[in-house]
Amino acid sequence: MSTPTPPSSGRPKQPFPSSPGSSRRSKILGILVAIIAIAIFIVPVVVSTYTDFAWFRSVDYQGVFMNVIVTRLVLFVVFGLIGALISWLAAFLAYRARPDEIESLGTSSPLAEYRPLIRRNMRPFLVGIPLFVGVITGMIVQSNWRSVLLFLNGSNFGVHDPQFDKDLGFYAFNLPFLQMLVSTFSVLLILAFVINGIGHYLLGSITTGNPRVGEKASISTNARRQLAVIAGVWMLLKAVGYWFDRYGLLTRSHETFTGASYTDINAVLPAQIVLLVISIFVAAMFFVTIVLRDLRIPALAVALMVGSSLTVGLAWPAMLEQFSVNPNRAEKEREYIARNIEATRYAYGIGDDKVTYDRDWGASGDAASKEQKKAVADDSATLSNVRLLDPEVLTPTFTQQQQLRNFYGFPDELAIDRYEVDGKMRDFVVAARELNPNTLDGNQNDWINRHTVYTHGNGFVAAPSRKVDEVARDVGSARGGYPVYTVADLQSMQSGKQGGELKLDVKQPRIYFGPVIASSNQNNSDYAIVGNTEGEPLEYDTDASNYTYTGTGGVDVSNYFNRLMFSAHFESMNMLLTDRIGEGSKILYERDPRERVHKVAPWLTTDSKTYPIVIDGRVKWVVDGYTTLNNLPYSERIGLTDSTADAINPDGVSETQVVDNEVGYIRNSVKAVVDAYDGSVDLYAFDEADPVLKAWRGAFPGVVKPRSEISKELEDHLRYPEDMFKVQRELIAKYHVSDPGVFFQNDSFWSVPTDPTAPQDRQDNAQPPYYVVAADPETNKPSFQLITPFRGLRREFLAAHMSVGSDPDNYGKINVRVLPTGTQTLGPNQAQDTMMSSDEIARERTLLKGTNDLTNGNLLTLPVGDGQILYVEPVYSQRSGQDSAFPKLLRVLVSYNGQVGYAPTIAEALDQVGIKTSSTTDIQEIDGSVVDPTKDGGSGNKGDKGKDADKDKKSKDEQSSDAKGAAGKSDDKGTDTAPEQRVRDAMDKVNKTRESGTFEEFGKALDELDKAVQDLQSER
C-alpha cells in the first residue's frame, strides 16, 4: 500500500531527524574506522621504532638511533610547521581579503552560485591544506638529515677550489644544505602563490569577467598586493639560487672532463650574475606593484627575465661554444682539464702522494735471454707464493669436504687472507662454516627447528692457496688436487688438533653471525631465538650435544611485551605461543655483518666483500666502510654500482649498502669488525685525516674508535678493500695522464680487460682484481697485494700493471708499472687464447670433456724478474653429470714470453717455458701421504703432516707410477682390458716425448693417444 505524498507547502523540505539508533551506529562505525586506521598506520610505526631501538640498545649503539631519530623529528616538526604556516598564511590572507558584498561580483561567473557555500565552509580548507603541505614538507626535509648533520659538524679540508678560492668544506658541508633551503622555500612560495591565487578566485577577489555581458576581469587591491609580495620574495630566492648555482658550475659534467669549462667560466658564470641582478630588479618591480596598480610593470619585468634567460643564459654560451671553443677546444679547455686531473686525483686518493708510476717498466732486457730467465727464476718472493686455489671455484669442494652436515655451508665466493707460517707470510683461502638456512631439509624447516635448534655454524676453515694434498696426474683418480685444510671447530677443539700449521687457538668457534646465515630465501625469517636457560639446551651443537647461547648480543624476549612486539615485527604468531622462549631468551637478527655495520653507521657505504679472521681466540668479520660525497669541485663523478661490477660480481655493490651511488669523493675511512659469536660491532677510524669522517665523528661522538685502538693482531689481517680498488683502477685508467693536451686526445687511456676465464654469459664483464702474495715493487720482499692489469684503449696488449699493498708497512701504497709505449706484451685475453690454442692443451681438453667438466681458474698476471710478465692459471676438473662431484686442481697453465707451460705442478709448468726456478721446493704442491679430508672428525686437518711434506713426498716417477691413467678404468682386481692398457701406454709415451722428444715425436704420440681413446670408447 503506497503512502500518499503530502502537498507541497512551497517551503524547503526539512531533513528527517536522526534516530538514536543511527547515531549510535555512526559512533561505532567511526570508532572502528579509527581502530583500523591506527592498526594500519600507527601500529607498524610503533612496532618498527620499538624493535629498532631494542636492536640498537643490544649492540650498544642506541646513541646513533636517538641522534638520527631526534634530528629527523626536529627537521620534520620545524619544516613541517614552516610549510604549514606559509600555506596557512596564503589561504588565510586570501580569506581575510574577501569582498564583503557577494552580489557586487556579478552573476556570470560559474562560481557565483557556489561562493556563499564556499565562504561558509572555508575552515576545512584553512586547516586541511596547511596540514597536508606541512606533513609533506616535513617528510621531504627530514630525509635530508645527513646534509643537516654534515652542515652542523663539518670543518675545512685545507684545500681550496681553483675558481672561487673557497675551501672544499664549503662544497662538501655547507652548499648542499643551503641549496636544500633555497629549493624548499622556493617550492613553498610557489605553493603559497597557487593557494593564495585560487583562494582569491574562489572567494571573489579575482574574477575572470564575461565580455558577452559586459563584465571585465578584475583583481582586488588586497589580492594584487598579496600575490605581488609572494612573487617578489620568490624572485629574491631565485637570485639567491643564481648565486649558489655559480658554485654548481664546478661540478658540471662534460664529454671529456668534469668541472667548469671555458664556456662555463666565460659565458655561463657572467650570465648567472646578470640574471641574478635582473631577478632582484624583477622582485623590486613586484614590490612596486604594492603601491602602483599597474600590473604591466611586473609583467614587463618578467618578460625581461625570460628574454634575458634565453639570450644571456642560453644563446650567448651556445654561440661562444660553437664559434670560439669548438674550433680550439684542446687549447681552450687545457686549464680546466688540468683542474679536473688534480681534483680527481685528490678526491679518490690517487695523487702523487699515493701512487707511484714506474714508467717504461721492463724496457731493458730480452725476456728470452738467459739473464732475464735467471732473474725470473730467482724471483722467489713471487714464484714461491703463486696462488693455485681459486676462491671463486672451490666453494663446492669446501662444501663437500668440510660441510659436516647438510645445514652448514660456505659463501659462493671464498675469501683470501694471509697468515704467518714458520716465519713466512702465506696466503690462505679462508671461510667460516656457517649455518645455511636455505639447505635445511624436511622437518628441519619446521619453525621450532629453523629458529631455535639450527641457530649457528661451527668453525673456521683455511687452506694454503699454493698447494694441494697430492699431485693429480690422473684425472680419473679420486686422489689428489684437493686443498689441505686447517680447521678450528668444535670437533678439533675436542680432539686437541685445532689450528694445524696456522696454530690457530679459537676458543669460541660457534658462528651466529655471517653473510650465509643471513641469506635466507624466506622473507622476514632471518632470526634465531637462543639463550633459554630453563631446562635442557636446545640448540644443535654436535651430534652428541646441544648448546645454549651465552653471548651478550641479542634482544631480550623473555618478557611477554617484547615477544608481542617481535611477533608483530616478524609476523609470526609462533613466537607468542611457543614454549621454547623462557628466562634468558634472546632474539638474534640482522645477522649479515655488512648490514649490521651499515645500520649502526648509516652514513657509511660498506664494501661488497667481508671476510673472516681469527683474532683474540674468536672468529670475526672485517667490513670496510667508506665515507663519500656526492660531488666535489672538478672531481669526476663515478657510479659505485657500475664501477664495482666485474665478472665475479656482475651487479656491483648493492645499492642498499651505499649512501651515494654517484660519488665525487671517497675514502676508506673506517674498518669495522663484527664478532661472529655475539654480533658486537666495533668501528675504527682508519683515515683519521678524512674531513668527512671528522664531521661524522662530530655528529656521532664516541661511535668510531680512534685508530690507535686497532690491535697489532687485527692490523695484520686488514686488507685493501676491493671496491675501493676497483673505483681507483677505473679512474687511474684515465687519470694516469698528467698532460691536459694528451688527456684531451684520449689516446693514452687504458682500460680494464674483460675476464677470459669467466662463464660465457659474463665474459664481457671486467676481470676482477686478485689478492696475491708477491714481491713488493720497492723491497722485492713477499707482500700481500691486490693486483690488476690494464690493456690499451681498444687494444688487447698489456699496457700497465697496478698493485696496492695491504701489509701494515706498505698499506695503501699504489704502484703502477707502465710498459713502454709500442711494446706488444700479451694481454690477459691474448695469453688465454695462446694457452687454449696449444695443441697439447686442446687435445687433452677434448679427451677429458666427455667425462669431466673442466673449469679455468683465475688468470693471474704477475710481474716477475726485471720487467717480465708471467701468466698463471689453474685448471680444475670434476666428473660430469654427478651431483656429488666437486672441483680439484688438475693442471697448471703458465704463459711466459709467448711460450706455454701445461703440467700437473707449477714447477713443471714453469720448467716448460724455460724458467728453472730455485723455488721449486717451496712451490711443490705435494703434502705427503694422502688422507681422506672427510674423515678425522670431519676436520680433514693435515697441518701436522704438512710440516714434513718435503721429507715425505714421493718423487715424480713414484707419483706417476701410482696414478691411474687419464682415461683408464680400473676394475675391482686392478687389471685393465687391452684398450685400456693401450691408452695407458699411449699416455706414457706422451709424457716421455713431452719431456725429451722432438715436436714430431710428441705429435705422433698424441695421435696414438687419440686413436687409443677412440678405440676404448668404441668398445664401451
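Cβ coordinates come from backbone N, Cα and C, glycine included.
If you look up Swiss-Prot, you'll see 1-18 marked as compositional bias 'Pro residues'.
Annotated compositional bias 'Basic and acidic residues' per Swiss-Prot: 942-961 (among others), in sequence order.
The compositional bias 'Basic and acidic residues' annotation in Swiss-Prot covers 969-998 (among others).
The annotation region 'Disordered' is assigned in Swiss-Prot to 1-23 (among others).
Annotation source Swiss-Prot lists region 'Disordered' at 924-998 (among others).
Nonlocal intrachain contacts for the transmembrane segment (28-48), taken as residues 6+ away from its ends with a CB within less than 8 angstroms of a stretch CB, comprise 565, 568-569. Residues annotated as transmembrane segment in Swiss-Prot: 28-48 (among others).
Distant neighbours of the transmembrane segment (73-93): 125-126, 129-131, 133-139, 141-142, 144-145, 148, 184, 188-189, 191-193, 195-196, 199, 222, 226, 230; these residues of the same chain sit at least 6 beyond its ends, with a Cβ under 8 Å from one of its Cβ atoms. Per Swiss-Prot, transmembrane segment is recorded for 73-93 (among others), and the stated evidence type is sequence analysis.
What Swiss-Prot records for 125-145 (among others) is transmembrane segment. Nonlocal intrachain contacts for the transmembrane segment (125-145), taken as residues 6+ away from its ends with a CB within less than 8 angstroms of a stretch CB, comprise 68, 71-73, 75-77, 79-88, 91-92, 95, 180, 184, 188, 191, 195, 199.
Sequence-distant neighbours of the transmembrane segment (175-195) (same chain, 6+ residues past either end, Cβ-Cβ under 8 Å): 79, 82-83, 86-87, 89-91, 94, 129, 133, 137, 140-141, 144, 147-148, 150-151, 227, 230-231, 233-234, 237-238, 240-241, 244, 247-248, 630. The transmembrane segment annotation in Swiss-Prot covers 175-195 (among others).
The feature transmembrane segment is assigned by Swiss-Prot to 227-247 (among others), with sequence analysis given as support. Outside the transmembrane segment (227-247) by six or more residues, the chain places 90, 164, 166, 170-171, 175, 178-179, 182-183, 185-186, 189-190, 192-193, 196-197, 200, 269, 272-273, 275-277, 279-280, 282-284, 286-287, 289-290, 298, 305, 633 with a CB less than 8 A from a CB of the stretch.
Per Swiss-Prot, the feature transmembrane segment maps to 272-292 (among others). Sequence-distant contacts of the transmembrane segment (272-292) (same chain, at least 6 residues past either end, Cβ-Cβ under 8 Å): 224-225, 228-229, 231-233, 235-236, 238-239, 242-243, 245-246, 298, 300-302, 304-305, 308-309, 312-313.
Listed by sequence, the residues of this chain that lie at least six past the ends of the transmembrane segment (300-320) yet keep a Cβ under 8 A from its Cβ atoms are 235, 263-264, 266-268, 271-272, 274-275, 278-279, 281-282, 285-286. Residues or ranges marked as transmembrane segment in Swiss-Prot (evidence: sequence analysis): 300-320 (among others).
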